[in-house]
Amino acid sequence: MFAYKSFLFTPGNNAKRMEKALSAGADVLIFDLEDAVAISEKANARNTITGCLELPRSCKVYVRINGLETNFWHDDLIMAVQHGADGVMLPKAEDDEQIKFIDKFLTELESKQGKSPIDLIPLVESARGVILAFNIACAAKRVSRLAFGALDYTMDIETSFSGEGTEIFYARSHLVNASRAAGILPPVDTVFPGIKDQDGFERDLLIAKQLGMFGKLLIHPNQIEATNRVFSPSEEEIEWARRILAAFEAAEAAGQGVVQVDGKMVDYPVADRARRILSQVDRN
Ligand SMILES: CC(C)(COP(=O)(O)OP(=O)(O)OC[C@H]1O[C@@H](n2cnc3c(N)ncnc32)[C@H](O)[C@@H]1OP(=O)(O)O)[C@@H](O)C(=O)NCCC(=O)NCCSC(=O)C[C@@](O)(CC(=O)O)C(=O)O
Ligand SMILES: [Mg+2]
């Protein structure tokens, strides 16, 4: 599974915006049936998304279904599988039991409809979800990665979303650690609500990247460019990786497992990081 960088949410009852989003440059669109759609609009949004899923597309399209605590999730899932969504996002993901339940439902639905398995991204956005993140990540093979929802999470832990990252430092790091331990892709970071605060947004991207998260949930097209840029290797990183690998491979050929480059020690983990950067360049 490829590690996508930019995931743009678009409300599922707005056909014009969903259609436009298809060419906005995000790796993934998330047509939303949950918190961006009023209760009275849920059935209309499901029909509107059905139409948009039929449109030709060069990006992936996921559907954020309603949570298992609602009466909507069942029809949401059937629509997503029936109309060829590339993945589904489960909001308010709290534990592995939920994931196993969804996985079983999807497996039965896919075999009935002769469809291949759809990707599942649990959106972790509560204290319980964070503490059980490892169990959630291991609960089904179709879970490619976790996503973090800080707006609901900060409400759940009775604080507020500062935009500086202080109050979500632990949750972000815990999701990174749980994902690595479970052997799945790094988690996708939370939305940043300040759609006019480009500097704050870019700072938030860099903090998330440094903590080991990869990719970001977005709420506006003007957040796509910075996200794709920050989560792609920079020219400096590519040049550094090439230099490190050349020096390390020469040292290794001479029977050494460690060498100094630019005044810093380079051993296997550093060389592996350089290889990972260059392999991401090839994939991009
Ligand atoms: C905020 C606002 C209403 C502002 O609208 P405005 O109209 O004032 O924006 P403008 O700047 O005037 O738009 C300029 C041009 O961009 C187009 N355009 C704007 N937004 C677009 C878009 N999203 N998709 C495609 N196109 C778009 C627009 O159509 C126009 O196109 P055009 O007319 O052609 O020029 C709008 O952005 C919006 O609805 N955002 C998505 C909100 C959403 O999905 N929330 C749920 C997911 S988060 C969540 O649930 C939290 C979480 O669960 C998860 C977590 O945290 O990670 C948690 O718990 O934490
Ligand atoms: Mg939420």
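Each residue, glycine too, has its Cβ placed from N, Cα and C.
A coil conformation is recorded for E125 (substrate binding site) in the three-state DSSP classification, outside any helix or strand. Summarising the annotation, TrEMBL assigns substrate binding site to R64, E125.
If you look up TrEMBL, you'll see E125, D152 marked as Mg(2+) binding site.
The domain 'HpcH/HpaI aldolase/citrate lyase' annotation in TrEMBL covers 5-221.
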What does the structure give for the C-alpha distance between E125 (substrate binding site) and D152 (Mg(2+) binding site)? Integer Å is fine.
5
Could you pull the average pLDDT for the domain 'HpcH/HpaI aldolase/citrate lyase' (5-221)?
97
Measure the Cβ-based neighbour count of E125 (substrate binding site), defined as the other Cβ atoms within 10 Å of its Cβ.
25
Position of peak Cβ density within 10 Å, selected from the binding-site residues R64, D152:
R64
Which of the three DSSP-derived classes (helix, strand, coil) applies to R64 (substrate binding site)?
strand
